[in-house]
Amino acid sequence: MAAAPTVPEIVLTSSTGQRKMAVMGLGTAPEATSKVTTKDAVLEAIKQGYRHFDAAAAYGVEQSVGEAIAEALKLGLISSRDELFVTSKLWVTDNHPHLILPALKKSLRTLQLEYLDLILIHWPITTKPGEVKYPIDVSDIVEFDLKGVWTSLEECQKLGLTKAIGASNFSIKKLEKLLSFATIPPAVNQVEVNLGWQQEKLRAFCKEKGIIVTAFSPLRKGASRGANLVMDNDILKELADTHGKTIAQICLRWLYEQGLTFVVKSYDKERMNQNLQIFDWSLTEDDYKKISEIHQDRLIKGPTKPLLDDLWDEE
Ligand code: NAP
């Protein structure tokens, strides 16, 4: 296996202490077919040089991620928890002003951590409090008090329970609303970005406002979940052959060259290593011309059943 490079970092300007985040993180959204446990995968990733982990209350992985971090400290793979960047997300059942602090404290207990690096509003939707249901039943949806939720998140950052606060799956319209009252602007908007859903408008808006975009599903869910717009794309096959790289590496290199941060999920030792090998080569102008021809279509259309008409504000 090739030696692991050091992953470049980016500063979150609205974070406490100007926290740095490695541009590539490991996703931990569970896949029922995975033979490797989240604990083993996170531990292996730390061995390989990953320092940024993307979790969520709704994934049910916080305990395993926490156990892996505790084990990594015990084994001396890292000398302090501060070397890691840990993100978690609030589920829609907790998107109520009075439930933010208890939900964050619960995540911290489950993760065995004293602070998060980043907490995100997972989806711009609120449901009645209760158990995690996926997909979300639209009849459970109630009005989303974004201002109240954000004020509670700002309080959490001021209390030192998280270094930064942010959004996920927010459209430009929703970010504009958030920015209109935020005293601590969102450090991050985590959204789907991949070669099949390049999100140029949203990315330009975030850049102008100093919001870091983190791309999720950067491989459009990879090869293991069946054929897809990027992993089975003839244009990308050709680029991969020309560079002597894999399609996954072309996808991740493109995100890196766009100045994005991204969370890619692999629990496989070899693919985890492969995904790290993207920092010492580049795409050419000709590659970019070909990339611009890739058909665009959003993969993740929403977490509800049925889908909501106004979730993406027609952007
Ligand atoms: P992804 O990272 O694009 O793809 C993951 C899939 O690709 C897995 O099946 C993985 O299988 C496979 N894979 C990984 N590296 C590969 C490679 N080099 N070659 C071929 N296949 C490869 O998709 P994702 O899991 O949907 O997204 C990543 C993370 O983003 C999630 O885990 C989660 O943390 C976050 N996310 C957030 C949201 C949100 O609403 N905020 C939504 C979706 C995802 P192996 O494990 O077998 O390698």
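Cβ atoms are placed via backbone N, Cα and C, with glycine included.
Taken together, the residues in the domain 'NADP-dependent oxidoreductase' (24-294) have a mean pLDDT of 96 on the 0 to 100 scale. Positions annotated as domain 'NADP-dependent oxidoreductase' by TrEMBL: 24-294.
Within 10 Å of the C-beta of Tyr59 (active site, proton donor) there are 21 other C-beta atoms, taking all protein chains into account. The active site, proton donor feature in TrEMBL is assigned to Tyr59.
Around Lys89 (site 'Lowers pKa of active site Tyr'), taking its Cβ as the centre, 26 other Cβ atoms fall within 10 Å, counting all chains. Residues or ranges marked as site 'Lowers pKa of active site Tyr' in TrEMBL: Lys89.
The substrate binding site feature in TrEMBL is assigned to His122. His122 (substrate binding site) falls outside any helix or strand according to DSSP and counts as coil. Packing around His122 (substrate binding site) is summarised by its Cβ count: 22 other Cβ atoms lie within 10 angstroms of its Cβ, all protein chains included.
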